[in-house]
């Protein structure tokens, strides 16, 4: 935006949720400052703290802002005190605004001009720019957003990508205000876009350095590539729509390169894909876009996280070419005797909640194998808690449970994903000794029994009786952790016998039992797609 007809300001709005930390960090790399907005009705949240430290580590100026001061439920003084206690902001540094009414919003723009320095540039050096975002246009190819650090660039110039070492001819340059506006050149200090006939989004890497061809430049330190940490199978509800699902996923991933894709198949669900996401919310947003933008009805298997296993067996080392592999599909988990150690991802979770809910929150975290790290009291009778938590214990329903235990007053964020040695096992569910691959999970040894019993009970409620008994088992290897039986449907074959010889009734019952035995030996139990959908959605 142009401000006071003299200043060109580029503002990037980023989501605050932990799943989109990657977007926050890459935007910070292209900026000289940031605005940290806190809701006056909510106070400091867990994601507020996380994003503050991202900006702090980036070494840029932070302007604190408190929004929604016009609401009756706004607790301004408490929010100021919390920002002072947790983030060390003084009251005189905070800007109080109402985005709804526009009250004091212009003060933010004035603060940007006074407090945030202009870009550090050199107009006389050859062109060099940092790629901080990109998207794909079907007609023009990948369009990259760049922060120009040195020199200038115009249409017809040739630029080179540092990471893939390819040369491209610039077809168009311009700025966003917010719609694209074509300009003759992009100058050092400007943020704009470039169209270079890049036909693959994979060639427009975020963090890449684009520079004038044949010039000698030092590349910018690149961003870390996003690592998917939540994996799930995506299958079409109608198996005939697999090709449509494939095209829909490919189109969505053009503008979301952080999603990993691998083909998958299931005996019950047919062909599909195993997709990797940055978090559970990221997965849910992706699923919603599939349904709304492409009218795709999909079945999603239980989300799981990547595990690492280590082995010293020379045959396995030779086969894999390494002593450590990452497992993202539970069905591929090796037998216990084929590896030495298993490691699972661990996070440092931050919870902000009312002091009165500490007992419930602590019990919830401990029940999910969490370890208490610290507690800090802030104003408004609220506390900041830190726990070390296994990632697989929080990806499914942890946040929903946390909201329930605190009546919706808690916020949660996590950071610092690392791996620790863990006692992990492969939990399988069987129907008459036939494994149901879709329900296979990797769980901790201590939690295996409870998870197994829950799955078995759900299956018993969903599977209709058949002509023979069905045994539902949850197992680890050959050890049965939980079992339920579904009784066979029984026809009263003796109903037509009115008195007479008792041996006649016994003969009919024996024939019925023999028939059921033969059916059980030859019948193949197939769990229906509807049953599986109900289990996965519970």
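Positions of Cβ are set from backbone N, Cα and C atoms, glycine also.
Taken from TrEMBL, the feature domain 'Tr-type G' applies to 1-120. The GTP binding site annotation in TrEMBL covers 13, 14, 15, 16, 17, 67, 68, 69, 70.
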Please state how far apart, in Å and to a whole number, the two most distant Cα atoms are among 13, 14, 15, 16, 17, 67, 68, 69, 70, the recorded GTP-binding residues. 25
Counting across all protein chains present, how many other Cβ atoms fall within 10 Å of the Cβ of residue 13 (GTP binding site)? 8
Using DSSP with the three-state reduction, classify residue 15 (GTP binding site) as helix, strand or coil. coil
So for residue 15 (GTP binding site), how many other CB atoms are inside 10 Å of its CB? 14
Summarise the model confidence on the domain 'Tr-type G' (1-120) as a single mean pLDDT, whole number. 90
What are the sequence-distant neighbours of residue 68 (GTP binding site), meaning same chain, six or more residues apart, C-beta distance under 8 angstroms? 39, 40, 41, 74, 98, 99, 100
Counting other Cβ atoms within 10 Å, pick out the least crowded of the binding-site residues 17, 70. 70
